[in-house]
Amino acid sequence: MKIFTTDGIRRIDEATIEAENISSLDLMERAASAVAYEVISRWRPSKRLVIFAGPGNNGGDALAAARMLSEQGYRSEVYLFNIKSSHLSPCCSTNKDRLQDCPNVEFNEVVDTFNPPELGPDDVVLDGLFGSGLRSPLKGGYSALVQYINDSGAYTVSIDVPSGLFGEWNMGTDHRNIIKAKLTLAFQFKRLSFFFAENAQFVGEVKVLDLDMDERAIAQVPTDFYLIERDDVKAALRPHNPFINKYDNGTVFLVAGSYGMMGAAVLAARGATRAGAGLVTVHAPRCGFVPLSTAVPEVLFEADRNEIFTTNIDLYHKYSVVALGPGMGTSDETVDAVDTFLKSYRQPCILDADALNCIAKRPILLRSIPKGSILTPHEAEFDRLFDLHRTDEERLKKAIDVSKLYEVTIVLKGHYTMTVRPDGKVYINSSGNAGMATAGSGDCLTGVIAAFIAQGYAPDWGVVLAVYVHGLAGDIAVEEQGTHGLIAPDIANSVGRAIHSLVKRPE
Ligand SMILES: NC(=O)C1=CN([C@@H]2O[C@H](COP(=O)(O)OP(=O)(O)OC[C@H]3O[C@@H](n4cnc5c(N)ncnc54)[C@H](OP(=O)(O)O)[C@@H]3O)[C@@H](O)[C@H]2O)[C@@H](O)CC1
Ligand SMILES: Nc1ncnc2c1ncn2[C@@H]1O[C@H](COP(=O)(O)OP(=O)(O)O)[C@@H](O)[C@H]1O
Ligand SMILES: [K+]
């Protein structure tokens, strides 16, 4: 699913109006009736409803919803903010007029002074102050109003977006000036800002309301942001050819593990084999031989010269894909080995965990990363490489820049893992759960990504599929273990089932 910018959504609104030969007011009726329906399906008419409407079309939606709710027997107190009678948008103005004779509506137009109503936790607030037309962070009286609503404890339902929140970037906006919705009723599309952890406190539960926007415009309006969902992955996964042999499924060379961290190598290897790699070789220090051959007997072991950490990454065979990092440690000798490897290996590779930490210890190595490589940092690893970032938004912006600069794909791991490609496209993952915040789950992901690329999926798309599959494996495993009990081996062992549930069976 495409995630559009505010500008893109405006273009789709306009295209819908033109294609269907309707007016903005008609589209607003559609939007408002979807909002009213949500209110009716959640609360009884006796619920106290306080509606705040701004001067633009977001306010128009709120006024139209008040009228529709009144027709269904809901009482509401409505506050329309038309400060100094400046101007209402035409649709807002028409809906103000239409509201005048409605029963059950206590209408107040705030022109200069605002006497706030008493609000408490038993009340429902409908927030139609500002939507996608917000031009700058709220301040002054609006800021005070937002804080008043937030402090009241009322159940706040935001129309389209929480007022004060921009659809994309919110750097520099004081968080006190944004409505904290319990429920956001987004028109047709989620917004990019909804996916950043720092904004979860504003958007609350998100429900997307289908306004039946013009399909052609949705297909044609460009965007750089995509939400990856089950159907996208299902359409892309290939079933096995019955005559396949293991080499057709690709070979993975995994450099992972060190004394005390062999579990990381085990999890990465298990992720790779369960995701369908034909043959997996693990290069690890000698101390890894017994744990690896016991825990994952299906993989080959290649011993480093050193007993406890990796010091020499030599490739004696050609592999479909090479992945470095899980549990490797960052001893000086390992940093040297990563350095030598990056300067001699010219194929794209996968760099995770300690491979990234080694590069962070010697940042000049960033320039030696083969073009087309895939980096899979969690937020601390990313910040070690590219400076400290306070928010997911800042981190994503930086990832977009460095992905272009170094021509690498960056998988920013988190609740919504974002895969950032050098062409500026960002793929937001929708699978996975909080139970996956457990040691080793990222190691498993490295193996899954390696396996997808080894099997011949184009790396830039294979990585997106692998991230989804890994999250789905977590979702399958959490059904049995719950979020508290989930551990990384559960995820690795569910990867096969995840793929099995997605692959189309041959007819
Ligand atoms: N397009 C369609 O067909 C449909 C659109 N729909 C709905 O329309 C919404 C977008 O409506 P919109 O474009 O009118 O913008 P909106 O968010 O109401 O705000 C604009 C007003 O706020 C003011 N203002 C802005 N920033 C401010 C600030 N910092 N501080 C103070 N004031 C500020 C701004 O003032 P101005 O900049 O003009 O001076 C203007 O008066 C969208 O989210 C959805 O809910 C649906 O009905 C479906 C059909
Ligand atoms: N709250 C969460 N919701 C969804 N997925 C999560 C959550 N927390 C972590 N994950 C996923 O689990 C993995 C954790 O990776 P990472 O932090 O590298 O783990 P480790 O280093 O212990 O192997 C990532 O794929 C991440 O997207
Ligand atoms: K709003």
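Quick reminder: no glycine exception, Cβ is built from N, Cα and C everywhere.
Keep in mind that TrEMBL annotations are predicted by a computer and have not been checked by a curator.
Taken verbatim from TrEMBL:
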{"type": "DOMAIN", "residues": "9-219", "note": "domain 'YjeF N-terminal'"}
{"type": "BINDING", "residues": "57-61, 131-137, Tyr142, Asp160, Ala264, Gly327, His378, Asp443", "note": "(6S)-NADPHX binding site"}
{"type": "BINDING", "residues": "Asn58, Asp127, Ser163", "note": "K(+) binding site"}
{"type": "DOMAIN", "residues": "229-502", "note": "domain 'YjeF C-terminal'"}
{"type": "BINDING", "residues": "Lys413, Gly414, His415, Tyr416, Thr417, Gly442", "note": "AMP binding site"}
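A map of TrEMBL features onto the structure.
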{"residue": "Asn57", "record": "(6S)-NADPHX binding site", "contacts (Cβ under 8 Å, 6+ apart)": "Ser24, Met28, Ser89, Cys91, Cys92, Gly131, Gly133"}
{"residue": "Gly60", "record": "(6S)-NADPHX binding site", "contacts (Cβ under 8 Å, 6+ apart)": "Met28, Ala32, Ala53, Ser89, Cys91, Cys92, Thr94, Asn95, Gly128"}
{"residue": "Ser132", "record": "(6S)-NADPHX binding site", "contacts (Cβ under 8 Å, 6+ apart)": "Thr6, Ile9, Arg10, Asn58, Asp160, Val161, Gly167"}
{"residue": "Arg135", "record": "(6S)-NADPHX binding site", "contacts (Cβ under 8 Å, 6+ apart)": "none"}
{"residue": "Tyr142", "record": "(6S)-NADPHX binding site", "contacts (Cβ under 8 Å, 6+ apart)": "Phe81, Leu129, Phe130, Gly164, Asn177"}
{"residue": "Ser163", "record": "K(+) binding site", "contacts (Cβ under 8 Å, 6+ apart)": "Gly54, Asn58, Asp127, Gly128, Leu129, Phe130, Gly131, Leu134, Leu138, Val146, Ile178, Ile179"}
{"residue": "Gly327", "record": "(6S)-NADPHX binding site", "contacts (Cβ under 8 Å, 6+ apart)": "Ala256, Gly257, Ser258, Met261, Met262, Gly263, Ala264, Ala265, Ala353, Asp354, Asp443"}
{"residue": "Gly414", "record": "AMP binding site", "contacts (Cβ under 8 Å, 6+ apart)": "Ala197, His378, Glu379, Asp392"}
{"residue": "His415", "record": "AMP binding site", "contacts (Cβ under 8 Å, 6+ apart)": "Ala197, Gly432, Ala434"}
{"residue": "Tyr416", "record": "AMP binding site", "contacts (Cβ under 8 Å, 6+ apart)": "Phe195, Ile428, Asn429, Ser430"}
Per DSSP, three-state class assigned to Asp127 (K(+) binding site): strand
Those binding-site residues in Asn58, Asp127, Tyr142, Ser163, Gly414 whose CB falls under 6 A of ligand 3, listed in sequence order: Asn58, Asp127, Ser163
Where the C-beta lies under 6 angstroms from ligand 2, the matching binding-site residues among Gly60, Ser132, Tyr142, Tyr416: none
For the domain 'YjeF N-terminal' (9-219), the mean pLDDT of the predicted model: 95
Neighbours of Lys413, Gly414, His415, Tyr416, Thr417, Gly442 excl. site residues, C-beta within 8 Å of centre, AMP: His378, Leu412, Met418, Asn429, Gly432
Cβ under 6 Å from ligand 1: qualifying binding-site residues of Asn57, Asn58, Asp127, Gly414: Asn57, Asn58
Chain-internal residues near Thr417 (AMP binding site), provided their CB is under 8 angstroms and they sit 6+ positions away: Val411, Ile428, Asn429, Gly432, Val467, Gly471
